[in-house]
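Take a look at the structure below.
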Amino acid sequence: MADLPETPAFGAAFSDEEEAARALEAGRWLFSQTCSFVMGCVSLDTLPDHDLSEIAFAGRSNVGKSSLVNALTGRKTLARTSNTPGRTQELNYFRLGPEAQDPALMMVDLPGYGFAEAPKDAVKRWTRLIMAYLRGRPALRRVCLLIDSRHGIKENDRDVMRMLDEAAVSYQIVLTKADKLKAAEITDVLARVVAETAKHVAAHPDVIVTSSQSGAGIDLLRAQLAALASP
């Protein structure tokens, strides 16, 4: 894979090398801990009751949400992956961290929105569930909004971004599948995404470029998410 571009949006996550080293080590430590599947939820009234911070992974169908969860945790089969758009149809909860000990996180792998190889009524049902969860979950600390780096931000992504802005829910753009692009292409899509993201009030300023295949950007994302863990 081509080297990731050195841009302010990609490299300004930490104020100095010492802070970066501490944050990266905290991320490495947390994501090396036990991570286990908790439950799959098909409605808001079945969401688990807990006191941990939640991090949700959202994006279009087949954008690589489950692959990213697996890459973050270093477990190839934690979240079920598929080449079939729409395979994930529940809100899948995973608990990350030492048992009965802080820090810890609850990660939520959401169904994809947009095109899916599933009945239309099922797609509508889980799309409503996704939007209701994103708007009204008190435990939700951040949404990682995954964007396929080959395609950039699409209109249904913009719909989600506007909804999160209106609900004042913090979200961070994570570009996926960067291994599919050349360095110049990555630089171009990153610049366009950073410029558009800057117009959204709830968007985190750092856009992270990742590849679940090569591991690029995974350490940085681990570090930023570990900072949100319940103390």
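Cβ coordinates come from backbone N, Cα and C, glycine included.
Per Swiss-Prot, the features are:
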- 51-231: domain 'EngB-type G' (DOMAIN)
- 59-66, 86-90, 109-112, 176-179, 210-212: GTP binding site (BINDING)
- SER66, THR88: Mg(2+) binding site (BINDING)
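In this structure, GLY59 (GTP binding site) is part of a beta strand by DSSP. According to its DSSP assignment, LYS177 (GTP binding site) is coil. PRO111 (GTP binding site) is surrounded by 24 other CB atoms, counting those within 10 A of its CB over all protein chains shown.
You'll find the Cα of GLY59 (GTP binding site) roughly 11 Å from the Cα of SER66 (Mg(2+) binding site). With all protein chains in the displayed structure included, the most crowded Cβ environment within 10 Å among the binding-site residues ASN62, SER66, THR210 is that of THR210. A Cα-Cα distance of 10 Å separates PRO111 (GTP binding site) from SER66 (Mg(2+) binding site).
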